[in-house]
Structures are given as structure tokens and as C-alpha cells.
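Inspection log for the structure reproduced underneath, given as C-alpha cells.
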């Protein structure tokens with residue numbers, strides 16, 4: 001079976017009625033994306049995705065183990081407890097990638113010393129108590145996926161579990177690869193994969209925050225600063241060069257606003273954390289920096305997307321989910337749009353320049369765990385330059401073709417100079433979706449009828465003219481055509497948006513139309529009408545978390561975090577109803593795994609996905625997957641061995657016991 005399981009036996013989802021075949025390829029306008037074969041069906045090791053080692057979030061490791069790392073070193077041969085029940089939920093599988101050398105280089109591997117730094121890119125992902133490291137993914141053609149049975153390094157933690165991690169791409173080089181790892185008990189570990197003696201632990205005594213780390217990110221173009229978010233809803237700024245405080249930190253209020261507050265740490269000497277952000281209600285699930293590094297988008301369990309200007313700590317935008325929490329967020333390559341996914345089963349596209357929801361996408365049957373823009377098929381920059389040059393697009397579109405496997409029409413390639421944003425989503429329903437956000441959806445629409453606004457709320461008033469896309473599209477909007485757009489019909493004007501038939505508009509699925517007539521509180525009360533399958537709605541247990549530092553989780557000073565009233569927000573510019581914004585249909589929607597999907601990355605030559613079972617899938621872009629003969633013919637042009645030599649693996653496996661504390665290598 002290929003990595004990702006194209007021919008696997010029936011899993012739990014099949015037993016619950018989900019008998020859809022797992023796909024090994026899918027087709028878009030540009031051609032076929034194909035799943036690269038792998039040498040392993042799953043990673044090797046005793047830990048099962050269904051029987052993890054129980055985490056210990058409330059008991060810090062005692063004695064010397066507490067001082068040496070986030071957990072005491074556990075023997076590699078000790079299996080986790082097994083039982084008939086599902087056991088505690090594992091943290092979501094996450095994948096981090098660092099690129100060494102020029103991704104578009106001539107094909108020669110970067111010169112690096114032997115060991116973990118040898119070769120090109122590096123991939124890290126967590127599964128249960130373990131961290132795995134592999135050689136990188138395809139660059140300019142590859143014939144195989146990652147061999148999950150041959151990690152070049154592995155770390156095992158006891159008493160706590162890795163929940164997230166991030167490489168420092170800015171400083172990555174042949175002599176250093178910096179990695180941050182967050183844990184379920186709240187600690188953060190700093191590692192250098194080449195300098196084995198370099199290791200630091202932050203929040204070791206859990207004095208800063210006792211809840212799990214939900215997300216980590218290095219500040220753009222920074223060698224030492226990083227952000228860590230926690231299930232407490234707090235976001236902390238750290239410097240790897242500074243130690244942590246030996247007592248619970250004290251804070252002074254710097255700034256507060258709608259649903260957030262920012263504090264500076266009181267300390268005469270440089271200490272971590274440097275600052276604390278209290279954002280929203282409930283866990284802060286994920287955050288992302290804009291491409292220019294100036295703005296920070298945060299999504300929380302309270303269902304709000306908040307966009308901050310990072311340096312000034314000002315709230316620049318606010319959006320509310322249609323229902324439930326938001327779990328993931330991503331910026332468009334040009335920084336104009338933000339896409340989110342969450343517990344409403346929808347993907348939502350929010351315009352940063354206009355401060356409004358421009359579209360929603362309905363294709364998933366359960367929560368959306370990951371979203372990402374594809375910068376390699378997005379045409380926004382080409383369209384902007386063509387519009388600026390005044391070059392009218394007179395090319396005719398290619399004739400519509402039909403997919404051989406489904407018989408459904410495949411939309412032609414968009415005209416040169418047109419605006420097309422491509423993004424993807426991965427959900428707990430094991431479905432992978434691709435979406436095209438086209439110019440006809442992005443064109444300005446009349447104001448929403450009967451739309452209320454909350455005075456003083458960011459996002460309620462669109463920015464001044466000049467931020468509208470009308471001036472960027474050049475020769476006016478394209479004719480509305482469903483063959484070129486993956487959006488369902490929506491009202492051309494706002495005059496009838498609040499009419500009696502608006503809630504059951506033709507073309508909108510029944511479930512969505514029904515939700516359009518309910519307030520969020522009404523949906524919450526109708527537990528008997530839940531549409532989620534039990535298996536797919538295991539939920540975001542690993543993302544959530546309760547408890548915390550009883551004295552430190554309370555906001556210091558008179559800065560309470562306000563909560564938006566869902567009943568009042570629905571139908572406003574912060575949260576339009578379903579029929580008030582375009583509803584996108586997925587360009588591609590395929591079942592690609594047996595377990596819920598948690599990872600989605602777009603690279604130059606491939607797409608990377610991963611599921612909670614610990615399987616990494618590499619999907620080669622059209623024309624980028626070579627056969628054995630083609631790979632041999634192109635040797636020396638654009639490819640090099642993706643697996644380390646035997647001596648490299650042996651060198652890693654025989655490292656002395658002086659490796660970073662809390663690990664077994």
C-alpha cells in the first residue's frame with residue numbers, strides 16, 4: 001500500500017458507513033495529482049494511534065527528571081498501555097518542514113556534514129510521545145514518498161506529549177537547524193538538530209502557563225524571538241537567549257481592546273516571557289503571520305478571527321465563525337485574504353483589505369483541521385501586473401473537458417491576467433478539498449440588506465475606497481459563469497437577502513439552508529439534530545484543554561475579555577448569514593485517508609498531507625512525478641537521493657547518551 005493507504009482494508013470509518021474508496025489521484029484543470037508510492041504503510045514503533053501513553057498534564061515530572069527536560073527519558077522498548085477502550089486522545093499530528101539550499105536550484109544537494117544535517121530538507125512530525133525526523137520531500141521530481149520506516153532521528157518523551165513544533169527557516173543552514181517543540185503540559189523546548197549539545201527548556205516549572213501549547217511560530221526573519229499559544233487563550237512572546245523567571249511572572253497592562261489585552265512582563269533583568277496576549281475566550285488554536293510579517297491572524301475556540309498589527313498591538317480586523325470554534329488559519333500569498341476552517345464544517349474567506357467575509361466554502365462533512373493557500377497556482381500577482389499594464393485579455397478559454405473517472409466537467413484554465421486564488425482544506429471527515437477563489441466572487445457586491453453592525457467593532461465598517469478590488473481588476477469583472485467559478489448561485493443584489501425564501505435558496509444544501517434560519521444558540525440547543533458522525537466528531541479534544549495556572553490565568557488588572565453575543569452577531573458584517581455571501585463548491589473533494597486529516601502543505605512540486613494515524617502522503621503535481629527510467633535519465637539535473645546513507649543512519653542511532661534531556665535517540 002502506498003504511503004497514505006490507497007488500498008487499505010476497512011477502518012473504523014468504513015464500519016460506520018463511510019465506504020468511499022480512498023483515492024490515489026485526483027484531477028484539476030492543470031492535470032492529475034498522483035500519490036507517490038512509499039516504502040512503508042506506516043511508521044514503525046510500538047505506539048498506536050488508538051492506545052497512546054496517558055499524558056500527565058497536572059503532575060510536573062518530579063525530581064531530577066523535572067530539571068532535565070519536559071519529561072523523563074523513556075525506554076524505547078516500553079509499549080504504552082493497551083486496553084479495549086479508545087484511551088486518551090492523542091495530540092493532533094503536526095508536520096514541520098525546513099528547506100536547506102535553493103528550492104529551485106540546479107539539482108546539486110547542498111554540502112552538509114554527515115548526520116542529521118546531511119542532504120536537503122528535513123521533515124519533523126509528532127505522533128503520541130514521539131518525534132520523528134525524515135529527509136525532505138520532492139523538489140524537482142521524485143519517484144517515491146517518504147519512507148516512514150527509516151527515520152533519521154527519533155525522540156521519545158515520557159510524562160508529556162509533543163503537540164506542535166516549528167523550524168526556524170530564517171537561520172536554517174548547514175551548521176544549524178533550530179527547532180521549537182511545544183508540549184501538552186505547557187513546556188517549550190528549543191533544539192538544534194546539528195548542534196546536539198544545544199537544548200533549552202522554557203516554562204519548565206510551568207509557572208508561566210500550565211495548559212498545553214497549541215501552536216508555535218518563530219517571528220518572521222528573527223533568530224531568537226518566537227510566539228507560543230496555549231489552551232488558556234494566552235499568547236506569549238519568548239526570546240531563546242533569555243532565561244525564564246523563577247517565580248510566577250507579574251504583568252502590567254499595555255493595551256486592551258475588543259476581546260483582547262496585551263501585557264508586558266515586570267522584570268528588571270531580561271526574562272521570559274517578554275509579553276503576554278490574552279486573546280478571546282477559550283483556547284487559542286492557531287495563528288499565522290502575514291506574508292510581510294506585519295500582521296498576526298489568530299483563531300480561537302470562541303469562533304473569532306482576530307487580526308492584529310503586531311508591532312503596535314492594534315486590532316485591525318475581526319470575523320466570527322458561522323458556528324463553533326475556528327481551528328486553522330492561513331494568509332493568501334499577497335496578504336489580501338485570510339482563509340479559516342473550523343467546527344462549522346466550512347471554510348471562510350475573509351478580506352483583510354475590505355474587512356468583510358467574501359465567501360464561504362461547503363464541502364466537508366466534519367470539522368476542518370487545516371487550510372492552506374497554494375502559491376504556485378494562484379494568479380493574483382499576474383492579474384495585477386496585467387491590469388496595471390493595460391493589457392486586455394483577449395484569449396479565449398479552452399473548451400471544457402470531462403473527467404474520465406466521474407464524468408463531471410473539468411473547468412478550463414482561467415484567462416491570462418484573471419484573478420484566481422487556489423487554496424486547500426483537510427478535515428476530520430478524511431476529505432481533502434481544493435478550492436478556487438475567482439474574480440467573479442471577489443468583485444464588489446452590493447451591501448447586505450438588513451445587515452446590522454455593531455458600533456465600534458472592527459470589521460463592521462469596510463475600509464475606505466482604494467482597498468476595494470474594483471481598481472485592481474482592470475477591465476471590469478468577468479461574466480458570472482459557474483463553469484469558471486466553483487461558487488453556488490447567490491443573490492446579485494441585497495434587496496431580497498432577508499426575504500422569506502432566502503433561508504432555503506435553490507442550490508444551497510438543505511443542511512446549510514436550515515442553519516441559515518437558526519441563531520447560534522438555537523443550533524447549540526438542538527443536540528438531537530447534529531449532523532456529525534460520531535467517529536468524525538471526536539472533536540478537538542486534543543486542541544482544547546481546561547485548567548491552568550489558577551493565579552496566572554486570571555487577567556491581571558481591569559482588562560476583561562469581552563464576549564460577542566452570537567445571537568446579535570449573526571447577520572452582521574462580522575458573521576453574514578449563509579445566503580448573504582457566495583457559497584463555494586470544492587474544485588476537488590476526495591477521501592484520501594482512513595483517519596482524520598491534520599496536515600496540509602503546498603510545495604513547488606507536490607502537496608503534503610498527513611492524518612492522525614501518522615501517515616504522510618506526497619501528491620506529485622501534474623508532470624512532476626517521474627518513473628524510474630525518467631529519474632535515471634535526469635540524474636544530475638534536478639534530483640538527488642532522498643534517503644540518508646547507511647552510515648548516516650548508523651551514526652545517528654549510535655549517539656552517546658549526552659543527547660538532549662528527556663529523549664531516547
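Each position is counted from 1, following the chain as shown.
Keep in mind that glycine also has a Cβ here, set from the backbone N, Cα and C atoms.
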Residue from 42, 469, 484, 543 to which Swiss-Prot assigns omega-N-methylarginine: 543
Candidate ranges 380-413, 584-617 [criterion: Swiss-Prot lists as region 'Disordered']: 380-413
Integer average pLDDT (0 to 100) for the repeat 'WD 5' (592-629): 88
Helix-strand-coil residue split for the repeat 'WD 3' (321-360), DSSP-based: 0 helix, 23 strand, 17 coil
